[in-house]
Amino acid sequence: MKVPAKLEGTATIEPTTNLASRVRNVLYAYPVIGPVVVMLVATLVFSLLSDRFLSPDNLSLVTQQVMVIGIVGIGQTLIILTAGIDLSVGYIAVFVSIVMANIAVSAGTPGIVALLLALVVGTACGLLNGALVVGLRLPPFIVTLGTMSIFLALSLYISGGAAIRGADMPDLLTWTGSAFQLGNTRVAYGVVVMVVLVVLVSYALQRTAWGRHVYAVGDDIVAARLSGIRTRRVLLSVYAVAGLLYAVGAWALIGRAGAASPQAAATLNLDSISAVVIGGTSLFGGRGLVVGTLLGALIVGIFRNGLALIGVQVLWQEFAVGALIIAAVALDQWIRKGSR
Amino acid sequence: MTPVLEARNITKSYGHVRALQGVDFDVMPGEIVAIIGDNGAGKSTLIKCLSGAETPDSGEILVDGERVQFTGPDSSRQYGIETVYQTLAVSPSLDIASNLFLGRERRKKGILGTVFRMLDSKGMREDASRQLNELGILTVQNMKQPVDTLSGGQRQGVAVARAAAFGSKLAILDEPTAALGVKESGKVLDLIRQIRDRGMAVVLISHNMPQVFEVADRIHIQRLGRRATVVTPQTHSANDAVAIMTGAVQV
Ligand SMILES: Nc1ncnc2c1ncn2[C@@H]1O[C@H](COP(=O)(O)OP(=O)(O)O)[C@@H](O)[C@H]1O
Ligand SMILES: [Mg+2]
């Protein structure tokens, strides 16, 4: 940028000073404040109500329960940041897990080959969604509603409706479900994979031009195009990366479930969207963080686990998750409206 | 003298709507040219063709007398032409600095930038801050503040500053004061003069006649997809211009 000679500062536009709008501005700029507060409060309350809640075994369980949602939720976050939504995530993960298991078991290839091929297949599934969204200009909701059924059908076709047991697979494919000792807690390797991916994708979103462009596309795609951003390329790349992440999620799914089964992930679609929304990412696109989704997944996990520990019926766990989603969306609306 | 930017016989249709029906246009170095015309006269379409955001159906565009073919909104930038669109084209949830550098982000030097693609966020923030301060647009501003949290006038300021900061030859501004009050309009107008005083030419679309007659060297009057005529504040009054614009007077 060229820097001009000092000019007379006549055209000064004053900054906002109003206190109420400043609070909103802070919430706007830091979307994880909400989820952090909810998680801390929930942790505090459940630890007071149940002494088992903070026990090493229980924490280990909660993290293992959220690792699959956490990993695929990163991909879902990317898509929601572009003002899209992915309803096919669960069945892409299931499809890829079955493909991975089949390559390894039926064809007898080494685990690493099966895993790498599965990552390619996942990326291709994401690219298919992206190509339909970008090429045919169809709404992501419709595209992924369609591909959801397609991937479910393909999963049933390839598997013949039967599960492949983890015990029959190469160790690498179930590695995500095995754990190591950290202090007095057992941590699954899949949880480590999740954390590493959160860090990597956060870096890409916050520290690279690609990340800025993802936000800009979700914010206002016309403005992004007029600013010289290749919006179609950005969208395609987002769906492809999401597909890759779903494939890693499929790997974690095999480890978690101890099998590759067409029935494994019926709730993964809605759970991943819940995690993204509760994590403070706006369904309208352009605002949110991947680490928020990790928090959102943990919050859902903590509520389910905590309520179960204190003996509350399962139906109230669902009730609590529903209330959290509505509260999160309401907060987002308030922040957005207030800032305009 | 050769015009910095010239358009010859531009046509552009959207389906059955013939937005431009053979428009000529030119702006000289260091000149402020205003474009006026009724809603739907084709002002925005014209400047979109001039900036590369739209591809004309036919006609020629010349920069410094050389024929050019713009292939996208970013291709006119290579010639030092910056555009502020009517819709502003800012990204509300990104911060001020990110918006200034949107689509032309700068990476860190060395391996961090080349291999890890890391942005030089600090450097861009400092540059953005210096730019805005020197233009006198934003006083002590937090460059990390999302643009969504700014007022209409402040956003307008950011968009105009982006054009001023990166443009070297020409700034095209589509109704930069439309959403603003009298005071804020005045500030944007000051800014336009500052840009011109730096040696850049300016194309300004505005409905505000007193404003247009105050700053413009020449006034291009657009009517029904054509250039009705070009007048100057010396030869014509605002009333004359409005009469031509509405078709009350034929030229
Ligand atoms: N993207 C578009 N699609 C269809 N019609 C358009 C589009 N952009 C402009 N038009 C039409 O072209 C004509 C000129 O529009 P515009 O250039 O925006 O006028 P102005 O800026 O002078 O108000 C109008 O009739 C408008 O409806
Ligand atoms: Mg217009």
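Cβ coordinates come from backbone N, Cα and C, glycine included.
Annotated in TrEMBL:
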TRANSMEM  A:27-49  transmembrane segment
TRANSMEM  A:61-81  transmembrane segment
TRANSMEM  A:88-105  transmembrane segment
TRANSMEM  A:111-134  transmembrane segment
TRANSMEM  A:141-167  transmembrane segment
TRANSMEM  A:187-205  transmembrane segment
TRANSMEM  A:234-254  transmembrane segment
TRANSMEM  A:274-303  transmembrane segment
TRANSMEM  A:315-335  transmembrane segment
Criterion met for the transmembrane segment (A:27-49) and the transmembrane segment (A:315-335) (at least three Cβ pairs under 8 Å)
yes
Counting only residues at least 6 beyond its ends, the same-chain positions whose CB falls under 8 A of a CB in the transmembrane segment (A:187-205) are 60, 63-64, 66-68, 70-71, 74, 77-78, 81, 175-181, 211, 214-215, 241, 245, 248, 251-252, 255-256, 289-291, 294
Any chance the transmembrane segment (A:88-105) and the transmembrane segment (A:315-335) are in contact, meaning at least three CB pairs closer than 8 A with a sequence separation of 6+?
no
Sequence gap of 6 or more, Cβ distance under 8 Å, 3 or more pairs: do the transmembrane segment (A:234-254) and the transmembrane segment (A:61-81) meet that?
yes
Do any residues of this chain, six or more beyond the ends of the transmembrane segment (A:141-167), have a C-beta under 8 angstroms from a C-beta of it, and if so which?
84-92, 94-95, 98-99, 101-102, 105, 125, 128-129, 132-133, 173-174, 177, 254-255, 257-264, 269
